[in-house]
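Student: One structure coming up, written as structure tokens, with questions to follow.
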Amino acid sequence: MIVLLTGMLATAVLAGGVLALAALGEVLAERVGVTNLGVEGLMALGAVTAVITVFSVHSPWLGLLAAITVGALGGMVFAFGAVVMRANQVLCGLATTFMGLGLSTALGHNYAGQPVDAIFGHVNIPLLSAIPVIGPALFGQNILIIPIYVLLPLLVHFVMFRTRHGLNMRAVGENPAAADAAGIPVMAMRFWYVTLGGAFAGMAGGYLTLTYVPVWSEGMVAGRGWIALALVIFAGYRPIIVTLSALLFGLVTALSFVGQAHNWPIDPAFLNMLPYLGTMAFIIVPVVVWHRMRRIMAAPAALAQPYYRDVR
Amino acid sequence: MATRAFQRLPTAPAGRILTLRLVAIIVSLFIIAGVLALAGHSPLMLAQLIVHSTLGSRFGLEDLALFMCPLLLTGAAVTVCGTIGLWNIGAEGQFYAGAIAATGVALGLHGPTLVILPLMTIAGILGGMAWIAVPTLARAYAGVNEIITTLLLNFIASLLTYYLTTGPWRDRISGAQVSTQRISVSIPEMWGIVHWGFPVAILIVIGLALMLSRTRWGYEIRIGGANPEAARYAGIPVRLRIISVMLLSGGLAGLAGMFEVAGTVHRLQGGMANNFGYLGIVVAVLARGSCLNVIPAALLMALILDSGIVMQTQQLSASVILAITGLILFMIAIGDELAHYRPVAKVAAGGKTS
């Protein structure tokens with residue numbers, strides 16, 4: 001039982017990391033009032049970039065850096081359309097996803113199916129990794145786990161809720177006209193936070209191919225970007241809750257692995273549906289069960305609305 | 001500094017939109033040509049080849065019609081949903097659900113085509129409706145974002161198709177991978193390989209356009225989309241209208257799946273939706289909320305898909321088409337926004353309005 005639990009938690013932490021990164025990036029973008037539906041495409045670009053880079057330089061760190069850079073560039077392209085040109089955010093996001101998925105498949109054509117040779121290996125942090133059950137999961141896996149689950153969410157939370165800059169940032173997402181009147185650069189704020197969100201999505205893709213599934217194949221992101229978007233809504237646009245829900249979500253994924261490993265009498269196709277069904281339940285059930293949830297977890301008031309200074 | 005400034009209009013004139021879209025498409029084509037040239041292909045030769053084998057040959061035209069058929073229906077599905085201000089990103093899943101339901105009827109029942117085909121049609125429509133039912137209720141009664149819920153169901157539908165075509169419904173006769181056996185009934189063909197589903201799809205789109213513009217139901221939907229608060233105040237049952245529109249949308253996408261099974265592919269296959277559901281979003285965007293515009297929009301999209309076949313013969317991956325579609329969609333989104341701006345001749349000092 002302990003062995004099963006340890007294994008499941010380890011898988012959950014590993015699988016949830018992809019979602020935690022992507023969702024945290026999306027929290028940044030949505031808090032300044034921009035919905036980036038391009039996460040799925042940016043993740044695919046990040047994933048393929050990491051693989052291609054590692055094949056030529058054999059360093060997972062450089063691979064991850066390349067994935068982050070490409071994600072940020074993709075985020076900039078999206079932000080150029082959705083923030084600078086103020087085009088429809090849903091369309092720009094879908095277009096970014098199409099471009100990202102198409103480009104990544106075209107670029108990764110020659111690398112498909114080849115195992116990545118340099119990935120982030122296991123690192124055992126002394127003492128901490130000896131804690132039963134949670135030790136191996138949190139401190140006995142790759143080096144990125146702690147930054148993803150602890151450092152980045154705390155940092156984002158601190159900046160967003162404990163600094164003046166964070167207050168400005170949230171003001172841009174809630175009431176850009178008032179923020180503008182107070183002298184906050186609305187457009188710059190939106191542009192750079194969307195770019196940063198893109199970098200997170202690219203990093204999530206890189207993390208995917210450099211730790212969890214170290215091989216590129218078409219369609220390997222498999223809707224994780226969309227699940228991340230759903231987690232952001234579920235977590236009420238809060239950085240720490242979104243990270244915890246990504247972990248919860250990793251558990252759902254782990255459940256389907258455990259099911260396959262233990263030959264549960266359920267077809268793998270149905271076990272593979274669990275993450276998607278789980279996400280549906282995540283975003284529908286809380287609102288139905290507890291109506292006040294809708295107000296507490298409300299989206300930033302100006303979400304998905306382009307800001308025009310001269311239109312009132 | 002600025003001698004000319006621009007003023008943003010709440011609605012853009014149609015002529016300006018058309019012009020800017022043409023510009024957007026031309027800009028996209030130049031970018032694509034540049035990338036292809038960098039990758040060592042000759043864009044001019046490719047363009048010639050594409051025009052020749054899509055519009056210039058009988059086979060190309062037949063393929064064009066076959067691509068248009070599902071795009072008309074999925075495009076209409078996204079368009080009607082958009083009329084009330086909602087995004088149906090799940091046409092892909094509803095397409096699969098319709099295809100699964102129709103195949104189920106064809107595999108399970110035996111009888112004359114005249115009986116089975118209508119049953120398949122009904123099953124296809126109901127399949128699509130069933131697939132959008134949960135997002136519909138969640139949207140109407142709990143205000144849950146329909147973009148995410150409809151989209152997530154796409155993955156489930158695709159997995160379900162995979163399960164059926166490799167499990168209980170797998171092809172036991174020819175042993176084809178991820179496919180059911182050939183179904184015995186099919187929609188009759190009218191011109192080469194083009195089946196009667198194509199004219200029917202066009203009629204459906206025209207019928208929808210009339211329904212939306214000429215009936216009380218259509219009027220209420222349009223008001224509900226333009227201003228839900230005003231609609232509620234005027235006594236329009238917005239919740240019921242949302243339910244009816246979303247179910248209609250799912251049914252249309254399901255019908256597209258049924259047409260594809262019974263008219264083109266003749267079996268249920270993994271991956272048979274071929275992104276038609278997602279491309280339906282592009283068609284709907286191009287159509288700008290008007291059902292009649294879905295016809296030229298689907299034609300344009302079918303042309304792009306058709307040229308994708310040519311590009312595949314030139315050692316270009318099929319996924320390039322998805323990237324190209326994305327680029328064109330991106331440019332058009334920007335072009336549509338720019339169409340809202342009107343140059344203002346004279347402007348006060350510091351009138352930087354952009």
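A Cβ is built for glycine as well, from the same backbone N, Cα and C atoms used for every other residue.
The transmembrane segment annotation in TrEMBL covers A:39-57, A:64-84, A:90-107, A:119-138, A:144-161, A:191-213, A:219-237, A:273-290.
Locate each feature and note its surroundings.
Tutor: Within its own chain, the transmembrane segment (A:39-57) has Cβ neighbours under 8 Å at 18, 22, 25-26, 63-64, 66-71, 74-75, 78, 96-101, 103-105, 107-108, 111, 114, 116-119, 198, 201-206, 208-210, 215-216, 220-221, 223-226, 228-229, counting only residues six or more beyond its boundaries.
Long-range neighbours of the transmembrane segment (A:119-138) within the same chain, counting only residues 6 or more positions beyond its ends whose Cβ lies under 8 Å from a Cβ of the stretch, are 2, 5-6, 9-10, 12-13, 54, 60, 144-146, 149, 210-211, 214.
Sequence-distant contacts of the transmembrane segment (A:191-213) (same chain, at least 6 residues past either end, Cβ-Cβ under 8 Å): 14-15, 17-19, 21-22, 24-29, 31-32, 34, 36, 38-39, 42-51, 54, 60, 63-64, 66-76, 78-79, 82-84, 116, 119-120, 141-142, 144, 148, 169, 220-221, 224-225, 228.
Within the chain carrying the transmembrane segment (A:219-237), a Cβ under 8 angstroms from the stretch's Cβ atoms is held by residues 18-19, 22-23, 26-27, 30-31, 37, 39-44, 47, 97, 101, 105, 201, 204-205, 208-209, 213, 244-246, 249, 275-276, 279, 282-283, 286, 296-300, all 6 or more beyond its ends.
Long-range contacts of the transmembrane segment (A:273-290) within the same chain, counting only residues at least 6 positions beyond its ends with a Cβ under 8 Å from a Cβ of the stretch, are 223, 227, 230-231, 233-234, 245, 249, 252-253, 255-256, 297.
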